[in-house]
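So the structure is just underneath, and the comments pick up after that.
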Amino acid sequence: MDTSLLSLLSTLQSSLESAILPENFDISPPSNGISLLDLKNELFLSYLQNLVFLILIKLRHSSSSSQDGLRKNLSILNDEVTKKLAELRLYIEKGVKPLEAKLKYQIDKVVKVAEDAARAESSIGKGTTNERKKKTKRADESEDSERSSASESEEDDDASVSEAEIDELSYRPNPSAFVRPKYDAEEAKKPDAPPDGIYRPPRITAMAMPTTRGKEEKAERRPHKSATLDEFIAEELSTAPTAQPSIGSTIVSGGRRLKTQRERDEDAERIRYEETHLTRLPKESKKQRAKKMGRDRGGFGGEEFRNLEAGLDRIGSLVKRKEGSGGKIDRSRKRTFDGAGLGGEDIGRAFEKKKRSVMRRFR
C-alpha cells in the first residue's frame, strides 16, 4: 500500500512538472483561437490537478501515523502544492479576469459573427432541401390543378410555405425603410421659403421668459420696517439693560440732530473691521457727503433762513415786464382793499422792511 502510494505521488509530481513547464519557451500565438482563453483553460486544469494532488497528500498524511520520514516528506510536498495553488489563484484572479473583462466586447462580437455564419449555413442547407421538396410538390400540384379550381390552387400555394422559408424572410431587408416618407397635401402646398427672400420666424405660442425675481418682488411688496419705531421700542418700551453711548458722542451736524441706532451700528462695524484687519477704510467722498447733505437739507430743525433771499432776484426778473409798463409786483402794490386793512403800498413797505432786516442779519 505504501509503495503504491509513493509511486503514485512520484508519477503525479513528474506529470505536473512536465505539464507546467513547457518544452519550448518561445511564445507564439495559437493557430486557431484566442491565446487568453487557452491560457485560462491551462490555468484551470493545472489548478484542478494541484488540488487533487493536495487531497491525496492530506489522505496520505492522515494514514501514515508511524513513519516519521514519510510524514516529513508529505509536509514538504503539502507546502509546495499550497504555494503553487496560491500562485495559480493569483494568476487567475489578477491576470486572466481583468484581461478577459477588457476583451469581453471583442470576444462576444466574434462569437456572434460565428453564430450568424453557422445559422446562415444551416438556413441555406434547409433552403436547398425545401426547394427540392417544393419542386416535387409543384409537379404533383400541376397534375392536380387541371382537376381543381383556381381558388383551390391558390390555397394550396399559400399552405405550401414552410417554416424555413419564414425564417429566411425574417432576415431580409425592410423595403419600407428605403421609401421616402409621405407628407400631407397641405404641407406640400406650403412654400418652403417666402418669395421676397425675407426670413420670418415661425409663429408659435408666446411664452414668458423665466424670471428669478419672485422673492425680490415679494420683499418689495412687504411693508418696510421703520428704524425710528424700532429704536423707540428698544429704548423706551424694552426693560432689558442696554449699553448707552457716551454723552455728546451721538450729537452730529452742529447739534441739529442725533445719531440713530443704525448709524451707531455702522460706526461700530467699521471700527471692528479696522481693528481686525489692521487697516483704515476710506472716508466718504465729496459726492457722498454732498448727497447726504442734500438729504438732510430742509429736514426738521434745519436752519435754512440764510437762503431766504436767494430767489428774490430770479422772481423779480420773471415777473418784470418791458420798460414803461409796471410788473405784477408793482401793480399789486398799487392795489388797495375795499374796507379795513392795509393797501397795496402798505403791503409793499412791510415786505421791503422785512427784506432789509433779513439782509442786515446775514451781513
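Just so you know, glycine gets a Cβ as well, placed from its N, Cα and C.
Bear in mind that TrEMBL entries carry predicted annotations, made automatically and left uncurated.
Per TrEMBL, the features are as follows:
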{"type": "REGION", "residues": "118-304", "note": "region 'Disordered'"}
{"type": "COMPBIAS", "residues": "152-168", "note": "compositional bias 'Acidic residues'"}
{"type": "COMPBIAS", "residues": "181-193", "note": "compositional bias 'Basic and acidic residues'"}
{"type": "COMPBIAS", "residues": "239-252", "note": "compositional bias 'Polar residues'"}
{"type": "COMPBIAS", "residues": "260-304", "note": "compositional bias 'Basic and acidic residues'"}
{"type": "COMPBIAS", "residues": "321-330", "note": "compositional bias 'Basic and acidic residues'"}
{"type": "REGION", "residues": "321-346", "note": "region 'Disordered'"}
- When you scan the chain for residues with a C-beta under 8 Å from the compositional bias 'Polar residues' (239-252), skipping those not six or more beyond its ends, what do you find? 258-259, 264
- Task: Write out how many residues of the compositional bias 'Polar residues' (239-252) are helix, how many strand and how many coil, based on DSSP.
- Result: 0 helix, 2 strand, 12 coil
